[in-house]
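So that you can see what the record holds, here are the features copied from Swiss-Prot:
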DISULFID  Cys100-Cys182  disulfide bond
CARBOHYD  Asn6  N-linked glycosylation site
CARBOHYD  Asn7  N-linked glycosylation site
CARBOHYD  Asn184  N-linked glycosylation site
CARBOHYD  Asn198  N-linked glycosylation site
TOPO_DOM  1-33  topological domain 'Extracellular'
TOPO_DOM  55-67  topological domain 'Cytoplasmic'
TOPO_DOM  89-100  topological domain 'Extracellular'
TOPO_DOM  122-146  topological domain 'Cytoplasmic'
TOPO_DOM  168-203  topological domain 'Extracellular'
TOPO_DOM  225-246  topological domain 'Cytoplasmic'
TOPO_DOM  268-276  topological domain 'Extracellular'
TOPO_DOM  298-313  topological domain 'Cytoplasmic'
TRANSMEM  34-54  transmembrane segment
TRANSMEM  68-88  transmembrane segment
TRANSMEM  101-121  transmembrane segment
TRANSMEM  147-167  transmembrane segment
TRANSMEM  204-224  transmembrane segment
TRANSMEM  247-267  transmembrane segment
TRANSMEM  277-297  transmembrane segment
Amino acid sequence: MTLPSNNSTSPVFEFFLICFPSFQSWQHWLSLPLSLLFLLAMGANATLLITIYLEASLHQPLYYLLSLLSLLDIVLCLTVIPKVLAIFWFDLRSISFPACFLQVFIMNSFLTMESCTFMIMAYDRYVAICKPLQYSSIITDQFVARAAIFVVARNGLLTMPIPILSSRLRYCAGHIIKNCICTNVSVSKLSCDDITLNQSYQFVIGWTLLGSDLILIVLSYFFILKTVLRIKGEGDMAKALGTCGSHFILILFFTTVLLVLVITNLARKRIPPDVPILLNILHHLIPPALNPIVYGVRTKEIKQGIQNLLRRL
């Protein structure tokens, strides 16, 4: 495909995505592991959703939260990965103006929704381990419903201005985005307007939301750890530490990659441009692939539910 020049001053109706500028010839090979991860993420999350829906014994607050996390993972994967694979396989690099900013909105809002869901799940584990006698009265179906509304409303409303601000910019610096996906940073760099407000709002809101969630997650697991260390039975202690430890490591991976992405964007002149592009893609693949395994499949009730589901097929 012949790409337009980035010196064009004509109105922009579509953008062109350039994946891995330095490794164009490797894209077909890279598509193979990405496709496998995509299929794993979609299959694992879909299986978890179907299992929880069909198994009456799993109609409990914890599993409703797992369903919410799986739904967010599926939407994030479908927003990003099919377009990336279409570029790799069919050289379909163009993306319309509205589709690009819809992608910006979904990525910003759903990533912060996922962070907020992690925080609520950490609170759920805190109540279960630190206040077990009060669990059934605190973590109710009504609590989960209110939490889900909070997750969607807080993050959807606060991240909505990011694509709105970007879509109102004048794009006279070209059409070519040096990325596989429409991120706010890569798109707004093409504008000939001042993007200070745009970039500042995303930075402040993004890290306020993610930072507050992370602080509450760390506090929850700190109190969980204190309680677990008081458990007398070594087997029970090891089981609790193993479960909570794997949860916390997954959350740490989620936030660490976001932090690395921010650092690479700030120091982009010193870092190869393909590094943040790859991190962006992996961040939309690895957590969705691991979440149902770490949070769901390792749970005895989920395993039993999947076995029951397979018997019905």
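The backbone N, Cα and C atoms fix where each Cβ goes, and this holds for glycine too.
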Counting only pairs at least 6 apart in sequence, do the transmembrane segment (34-54) and the transmembrane segment (277-297) share 3+ Cβ pairs under 8 Å?
yes
Close in space, distant in sequence - Asn198 (N-linked glycosylation site), Cβ under 8 Å, 6 or more apart:
Ile162, Leu165, Ser166, Leu169, Asn184, Ser188
For the transmembrane segment (68-88) and the transmembrane segment (204-224), decide whether they are in contact, meaning at least 3 CB pairs lie under 8 A, counting pairs 6 or more apart in sequence.
no
Can you tell me how the residues of the topological domain 'Cytoplasmic' (122-146) break down into helix, strand and coil by DSSP?
22 helix, 0 strand, 3 coil
Can you tell me which of 101-121, 147-167, 204-224 gets the most C-beta pairs within less than 8 Å of the transmembrane segment (277-297)?
101-121
Restricting to the same chain and to residues at least six past its boundaries, which positions have a Cβ under 8 Å from a Cβ of the topological domain 'Cytoplasmic' (122-146)?
61-62, 64-65, 216-217, 220-221, 223-224, 227-228, 240, 244, 247, 251
Long-range Cβ contacts under 8 Å made by the topological domain 'Extracellular' (89-100), restricted to residues 6 or more beyond its ends, are 1, 3, 12-18, 28, 31, 83, 167, 177, 182, 187
Tell me, by DSSP, whether Cys182 (disulfide bond) is helix, strand or coil?
coil
